[in-house]
Amino acid sequence: FLIHIIAQITNCKKHILQIFEDNDGPGHDEEKVRERMTFCINYHRTIISYTESVYAVFNLVLIIHISVTSLIFGVTLYLITKVETYADKSRYSLQLAGWIALLFITCYYGQRIITESVTIADAAYQSLWYNGPVSLQKNVKLMIMRGQRPLKLNVASIGVISLETFVG
C-alpha cells in the first residue's frame, strides 16, 4: 500500500507539470487548462484521502508490529548474550538482523511518503503557472501551500514512522 501511494504521488506530479503545457501566449485554451487544474486538485485530494484511509486501517497493525518487534529485539539480544556456542549466537544474530531489516523497510517507506508528498508543491511551482490565467495562478498557490504539508504515517502512541524514528 505504501508503494502504491508513492506511485500515485509520482503520477500526480506528472499531471501537475502538464497543466500549463502547450499553452503559449494569450490565445491558449483556458477551459482546457482549468479542466487539467481541476483534475490535478481532485487527484491530489484523492491521494490524501486514500493515504489517510490506509493509515487508519493499518494504525493498530503497526502498533502491534512495532510492539512485537521491540519484544523480539529484547528477547533475541538476551539470547545472544546467554548462549554459549558460536552457531547459536550466529543464528540469533541473523534473526535479529532480519527483524531489524523488517522494521527498517516499514520506516523507509514511511519516509519515502513524507519525502514524495512534499514534492507535489515543487511540481506545482515548476509548472508554467505564471503563463496561466490569474484565477488559476491562485489555485496553484493553494496547491503549493497544501503540498508543503507532508503526508505522515502517524502511529498513535509511537509517533511518525520515518527513518528518524528508526534511528531514534
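A Cβ is built for glycine as well, from the same backbone N, Cα and C atoms used for every other residue.
Feature annotation from TrEMBL assigns transmembrane segment to 54-80 (among others). Only residues 6 or more beyond the boundaries of the transmembrane segment (54-80), in the same chain, are considered here, and those with a CB under 8 A from a CB of the stretch are 1-2, 5, 88-89, 92-93, 95-96, 99-100, 102-103, 106, 153-158, 161.
Residues or ranges marked as transmembrane segment in TrEMBL: 92-110 (among others).
Outside the transmembrane segment (92-110) by six or more residues, the chain places 2-3, 6, 62, 65-66, 69, 72-73, 76-77, 79-80, 83, 152-153, 160-163, 165-166 with a CB less than 8 A from a CB of the stretch.
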